[in-house]
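Enquirer: Sharing a structure, written as structure tokens. Questions coming.
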């Protein structure tokens, strides 16, 4: 079971792909609202938040960040970078992470929650830090009024093999952290900051938990100290 919570001060439009079991993979979530979905067995997919969206009654429109074309429901379409991605592979042992490889548009925390009495705890992923505030100007995406609405990845901006871990850099030995990925990591230590980030950024849980995905969480570290 997945619970999506919007703790941001403004509306967020979550997107889920593949989204067949998640209400078509897109909807609006007002500030303070939450929604619950049941994922199919063995589901593998990603969840992200879209911001600054305008949709008509037919579900057509655009978003300032994270949009999947012109549709409210993303179903199988991926979101436009930059967007903070929560990624899941559900199995006997679940794998989950929060990725900034495609940039950052919202703080996202993924928290496994108990489904049985003998719960021993699994770690939260993601972060409650807001990378938009300290985003280097060359990575910043500005919305109407000049406010920074997202922070692009260095790979997205500069497109070099070194930043994108391609070509001769397509292995963990050659693709080392850069000035930009280190800034992401400092602000968001429990998230992937670049393609070959430390494997500790991917989390596992073998207790078939439910998951809470919180946009703009303010209590990541409380969760860390009290699993």
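Yeah, the Cβs are placed from backbone N, Cα and C, and that goes for glycine too.
Heads up, TrEMBL stuff is auto-annotated, nobody curated it.
What TrEMBL shows for this protein is this:
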type	residues	note
DISULFID	8-216	disulfide bond
DISULFID	53-63	disulfide bond
DISULFID	68-74	disulfide bond
DISULFID	122-205	disulfide bond
DISULFID	127-188	disulfide bond
DISULFID	135-151	disulfide bond
DISULFID	155-164	disulfide bond
DISULFID	165-175	disulfide bond
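Looking at the shown structure, can you explain where the listed features end up?
Expert: According to DSSP, residue 8 (disulfide bond) is assigned to coil rather than to any helix or strand. For residue 8 (disulfide bond), the number of other Cβ atoms no farther than 10 Å from its own Cβ, over all displayed protein chains, is 19.
According to DSSP, residue 53 (disulfide bond) sits in a coil region rather than a helix or strand. The 10 Å shell around the Cβ of residue 53 (disulfide bond) contains 19 further Cβ atoms across the protein chains shown.
Counting only residues at least six positions away in the same chain, the Cβ atoms of 15, 16, 17, 19, 25, 26, 68 sit under 8 Å from the Cβ of residue 74 (disulfide bond).
Counting every protein chain shown, the Cβ of residue 122 (disulfide bond) has 20 other Cβ atoms within 10 Å.
Taking all protein chains in view, 24 other C-beta atoms sit within 10 angstroms of the C-beta of residue 127 (disulfide bond).
Every protein chain shown contributes to the tally, and the Cβ of residue 135 (disulfide bond) ends up with 24 other Cβ atoms within 10 Å.
If you take the C-beta of residue 155 (disulfide bond) and look for same-chain residues 6 or more apart in sequence within under 8 angstroms, you find 101, 163, 164, 165, 194, 195.
When secondary structure is read from DSSP and collapsed to three states, residue 175 (disulfide bond) falls in the coil class.
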Enquirer: What does DSSP call residue 127 (disulfide bond) in the simple three-state scheme?
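Expert: DSSP assigns residue 127 (disulfide bond) to coil.
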Enquirer: In sequence order, which residues at least six apart in the same chain have a CB under 8 Å from the CB of residue 216 (disulfide bond)?
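Expert: Correct list: 6, 7, 8, 9, 106, 107, 128, 130.
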Enquirer: Name, in the order they occur in the sequence, the residues of the same chain whose CB lies under 8 A from the CB of residue 63 (disulfide bond) and which sit 6 or more residues away.
Expert: 13, 50, 51, 52, 53, 54, 80
Enquirer: Going by C-alpha distance, which of the disulfide-bonded residues 122, 135, 175, 205 is nearest to residue 188 (disulfide bond)?
Expert: 135
Enquirer: Between residue 205 (disulfide bond) and residue 135 (disulfide bond), how far is it from one CA atom to the other, in Å?
Expert: 32
Enquirer: Return the residue, from the listed disulfide-bonded residues 68, 151, 165, 175, with the maximum count of other C-beta atoms within 10 angstroms of its C-beta.
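Expert: Per the Cβ count within 10 Å, the most buried is 151.
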